[in-house]
Amino acid sequence: MDLQHRPGGKTGSGGLASASETNLDRRERMRQLALETINLNKDPYFMKNHLGSYECKLCLTLHNNEGSYLAHTQGKKHQANLARRAAKEAKDAPAQPAPEKAKVEIKKFVKIGRPGYKVTKQRDPETMQQSLLFQIDYPEIADIIIPRHRFMAAYEQKVEPPDRKWQYLLFAAEPYETIAFKVPSREVDKDPKKLWTYWNKETKQFFLQFAFKLDQKLNQPTLPPPPTNQPRSLPLPQRMPPPPPPVVPPMSLAGMMPPRPPPPMGPPPVAPPPIPPPSSLPPHGPPPSAPLPTAPPPPRPPTGPSSSVPNIPHPSVPPPPPPPPMPN
């Protein structure tokens, strides 16, 4: 019987299936699919009576086959009855106590006081990192106990008002009291070479050392110092005196006057001597000429008739030329 090709028959497949046969085949396929996911043997409300039919003990319904019962379990009536039954059981059931949490027993011991300590400030000469070295003395500690430490933020403690600039380093070991050190709230270098602990069982001393990380501003390479064999330059004064103002030469009047020369760099000029009064000045005019040298007198001629030397007059010196006139 052909159950797939509805429009027409297929050669060798038989006649077409009727509507009832198609529904029967669909229900069978649905039952097989439901049985793959739902196990009816574990359903508390599924029951098969003596007539061969199936009943739902929750809803008191009768079903002819398993597929009908499976379709009923997915319906609205069956789901509502399930919710009602669950609410009734939750109401009638006694309140179950909550599971108890595992309690951690707090150790109780008699504290004998605070341990001795020593703190040393250090600086790495290579990386210039600041570090702290703590030495805690526990002379009466038990052999099986090892001291412990912890970094605590300022907001975790309740002893002092919280301040974000500080953090606390705690040391604890029984039977001594827990002690804390207040250190700057800077990032700690977690490098094993920078952060380490050591417990000396013989001397009962606990050591801890840690270093702070360098700031980004301070982590810049520094220039090496200058060599000592070279002469060092003298330091400049804090403030140099201001330079003198430049001297601007006066403007020449259309080329009539030459530009004024710059003042000399020597000592300052001296004021000219005072002008004498007019009465003491010489009169205007050419200056008097110097007296001319007088020639020696000529030799006197010898007396006698035989004198043949003529009497030659002495030449006179011409007068000097007059001086040029003074400009007005």
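Start at 1 and count along the chain as shown; that gives each residue its number.
Using N, Cα and C of the backbone, Cβ positions are placed for all residues, glycine too.
Database features, via TrEMBL:
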{"type": "COMPBIAS", "residues": "238-249", "note": "compositional bias 'Pro residues'"}
{"type": "COMPBIAS", "residues": "258-304", "note": "compositional bias 'Pro residues'"}
{"type": "COMPBIAS", "residues": "312-328", "note": "compositional bias 'Pro residues'"}
{"type": "DOMAIN", "residues": "54-84", "note": "domain 'Matrin-type'"}
{"type": "REGION", "residues": "1-24", "note": "region 'Disordered'"}
{"type": "REGION", "residues": "218-328", "note": "region 'Disordered'"}
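Panel annotation: around the domain 'Matrin-type' (54-84), residues 27-28, 30-31, 34-35, 38, 40, 43-48 of the same chain, lying at least six beyond its termini, place a Cβ under 8 Å from a Cβ of the stretch. The domain 'Matrin-type' (54-84): residue composition by secondary structure is 17 helix, 6 strand, 8 coil, according to DSSP.
Along the domain 'Matrin-type' (54-84), the predicted structure has mean pLDDT 90.
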